[in-house]
Amino acid sequence: MRLSTIKLSGFKSFVDPTTLHLPTNMTGIVGPNGCGKSNIIDAVRWVMGESSASRLRGDSLTDVIFSGSSARKPVSQATVELIFDNSDHTISGEFASFNEISVKRLVSRDGNSAYYLNGTKCRRRDITDLFLGTGLGPRSYSIIEQGMISQIIEARPEDLRVYLEEAAGISKYKERRKETETRIRHTRENLDRLGDLREEITKQLAHLQRQARQAEQYQALQEERRIKDAEWKALEYRGLDGQLQGLREKLNQEETRLQQFIAEQRDAEARIETGRVRREESAEAVAKAQADVYQVGGALARIEQQIQHQRELSHRLHKARDEAQSQLQELTQHISGDSAKLSVLREAVAAAEPQLEQLREDHEFRQESLREAEARLADWQQRWETHNRDTGEASRAGEVERTRVDYLDRQALEADRRREALVNERAGLDLDALAEAFEQIELRHETQKTSLDGLTEQVEARKHALGGLQEQQRASQGELAEVRKQAQAARGRLSSLETLQQAALGQEQGAAVAWLKSRGLDSAARVGERISVQSGWENAVEGALGQLIEGVLVDAPEQLVDALGELGDGRIALVSSATDNANFAPTSLAAKVQGPIAIRRLLARLHTAEDLDAARTLQRSLPEGDSVITRNGERLGEGWVRVSRSGAAKQGALLRERQIQELRTQIETLQEREAELEHQLASFREQLLAAEQQREDAQRQLYMAHRSVSELAGQLQSQQGKVDAARTRIERIETDLSQLLETLDTSREQAREARAKLEDAVTLMGDLQGTREALESERRQLTDARDQARDAARGVRDAMHALALTLESQRTQIASLSQTLERMDSQRGQLDTRLEDLVAQLSEGDSPVETLEHEHQAALSERVRTERALGEARTLLDSIDSELRSFEQTRQQRDEQALAQRERISQRKLDQQALVLSAEQLSAAVVKAGFVLEDVVNGLPESANPAEWEATVGQIDGRMRRLEPVNLAAIQEYGEAAQRSEYLDAQNLDLNTALETLEEAIRKIDRETRGRFKDTFDRVNSGVQALYPRLFGGGHAYLELTGEDLLDTGVTIMARPPGKRVSSISLLSGGEKAMTAVALVFAIFQLNPAPFCLLDEVDAPLDEANVGRLANMVREMSEKVQFLFVSHNKATMEAARQLSGVTMREPGVSRLVSVDLEEAARLAGAA
């Protein structure tokens, strides 16, 4: 394989499309410094995949695009194309059948870069893979740039090793090893994650096993409690039925008494209605008298205000008259001064206007002269540009024709060679076989893709279903956690309240408790536990009862009076537990309390008020011996006041008892909800396990389908690329053959025409030189005349502008003064008018004030009369109000009695309803527990005590609380976790097996790499030892390994020129280093010759003798390797079979000029 053509367009200084043909194996590029020779080497490196801007001598990759020059604009993109002759099939694989391979790269200003392989767009990696193992690449040993020859010899051992690896062809092994290491790393990461999961599952299994055993015990206790609780509720239901019968009889008696109170109340209401009519008539008389008083008082105030206003008005008028006279005098002075200024300004404007007109005429004359001079100069400039354009066109035409002649000659030779190569390549392309293989792969791909679509939809559906179940499970788990948290908080609160309640009710006093226990009363209820108080009145009841709140409820307290003598110390109160639905006064505290009748009677003569003010008012109207109490416990009686404040432990016992009952109800509700949620979670876990298994199965099938589709897609893309490349190549060959035939016919004709045009252009340029000198002399004369006219016009214009500015300023002042005088004349007229008005008002005098004084005295007399009439009307109204209050008090008493009776009846009905509701709740609870109420009641003995069953339920609850918190789902969770553990163990085994396979692959790659590297090292070392004496005319050089491990050991080179003993390569001279590096590079080429070698001024540090040795070596190796070198040395140029010159006649733009030395020599010999 060899490089046949390099095409550049827009790359660095090669802005125009440029083609460099390389027909021989020894091509030299020559030219002056800075003309762009090294840009050709950069172009080859760039198109082969170089991605570092610094290695291309730029700051960014877009710097390779031509950025413009003094005569050219920047271009938008750069393109480089390499065409390889692959007739020896050096490139294997899918491109082995192509005799010609094209590699192209394009980059635009927006940074987009694209690669093309045989006209088909591809990746950068495809280009890199194409040249793997050939010794070619953007940074391979086949491209040696300026200064790089010394860098090779001074490189670190690790960097020098890279060249040997490329020569050994193990770069592809390193790439595979890197991919395998990445897969091993991912596998180990998966193993680590899997190990963490297995460790966590193991911990969960031990924990869940303990929870499962605890859950089984808890469920057994739940079943036992369900039976006992149903029996306990059935016993309570049986007791409630007897209470309902007695309550109905008492309700009938209360309704009869209510009818009597209502009749007496209606009689009092009729008397009140008659009194209200009389009161309304009296109230109207009082309102009329009051209105008369208000009317007279208003008139009196108005007269007094008018008198004060008249006096203030007279003072303001005197002050305004004095101010107006002062302003009129000052305004007259201003008018006189401004009139004088206005006359002076008008005279100055009249004198300046003729002068300005004269300057304008002079300025117009000067401007006309300047325009004529500039027109003559513009005419000359047009002729000058025409001359320059003619000269440039003639010069460019000559250069173009000269270049064209050279190009057309080379084009004819190249077209004939390419025609022969294209014919041979077309014969080797089999398009039908490639197309048939493509159709087979495409059919398999479409079939697998259809299956993949179905599997994808199935996986998505199962993921969606699994996500919905997980979301529902999380919501239920969150709600369950919250319910448990609320229940735990409620139990803690209940325990605290019960402890406080025991202390508040005196259940912790030692002597009293012992006395009660000796009589079987230690578990008897306390007063605070059995009374119900209207909300807000708890403090008042506690203050009123005092120590009685701790009283023990017994059936007959009088029977225990004698036994109280046995109480050694402490205190105790015994209260009858009997209850009664007796009605009490609505204002009494007893009306706000439900409980033992003894407590209610104690509170019957204690009335209630919202606050102290209301209490004081109510206390004055109470019968003797009654007292009143507020919500806060402040108590007032006749001649005494008492405030009782309980300690922290005693305070709020009644309110606390209500909270205890509410908490017990709340806990029962939460426990029911907890059981429902646990059952719901168990169902979700079963569904999730099944859904997860289904999703994993579908995911596994989808993965296998994806893998199959990807492999087929890769095969399809590869085969499509082959078909497209072959088809494109055939079309291109046909087109190229047709074009080549036309090119051969037209090139000779165009060459004859170009030579004739070149002679005409040279003649024309001689004629134009004389015209140029005459035009330059005329330009100097016209420029001087134009400058004189411009200076004269500028002086006149400046004087005219100065005078115009002065005149405009004076006119502005005249207009301003005129407006000011008009405004001040108007103000003076207004001041005269105002002064006359003020004098007229002052002349009227003080006559209105005397009239107002007389009206004031009459109004005072009228006010005395109306106030006397108002007093008489109010006396009559007070008498009627006294009678109404008496009637109202009578009606209110009957109303209160009726209200109290209604409340008693309502309370009876509420008690009845409460008993019915309690019975229904008990019945519903038994049915909910799964029992029939009648069967449970009939199955219980008559002597059964509900308290015993309640205690049994409490004991079971205690055993259950000791087990809490309990995870009832632990039984199922334990089974699920065990299945998950088995699945993870299987995955762990699969991953370990895959890891062993990958590690074996690494070991195999390492063995192959070591063998290839050792063989290459030995052969290159032998080559260096043979080539070094030839290049130096003696001496000795060899390679050394820096380490023992052939996988990563570095490589150093040791050299000793003839007659020298050096200990380090750094002690060599620049030329010696260059020759040593050349020996190394050529030794590598002998082992694994790259298709071509690019040398950029490697002979720069060498003397003439060494240059000759280098040239001979290059000439000898060119039999197998194609060389393209850049040089300024004549001896190196002489070794070349073809020289291509790079010129930069146009600044910033490089062009090629090619010469075939053999052809030139042959033509010279023939002549």
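Heads up, the Cβ atoms here are built off N, Cα and C, so glycines get one too.
Looking at 435-467, 468-500, the range annotated in Swiss-Prot as coiled coil turns out to be 468-500. Per Swiss-Prot, the listed range annotated as coiled coil is 982-1011 (candidates: 22-51, 952-981, 982-1011). Outside the coiled coil (982-1011) by six or more residues, the chain places 170, 173-174, 176-177, 180-181, 183-184, 187-188, 190-191, 194-195, 197-198, 201, 1046-1047 with a CB less than 8 A from a CB of the stretch.
Sequence-ordered, the extra residues of this chain that approach the ATP site, with Cβ no more than 8 Å from the Cβ center of Pro32, Asn33, Gly34, Cys35, Gly36, Lys37, Ser38, Asn39, are Ser13, Gly31, Val1142, Met1144, Ser1150. Note on Asn33 (ATP binding site): other Cβ atoms within 10 Å of its Cβ, all shown chains, come to 6. For the binding-site residues given as Gly34, Gly36, the lowest number of other CB atoms within 10 Å of the residue's CB is seen at Gly34.
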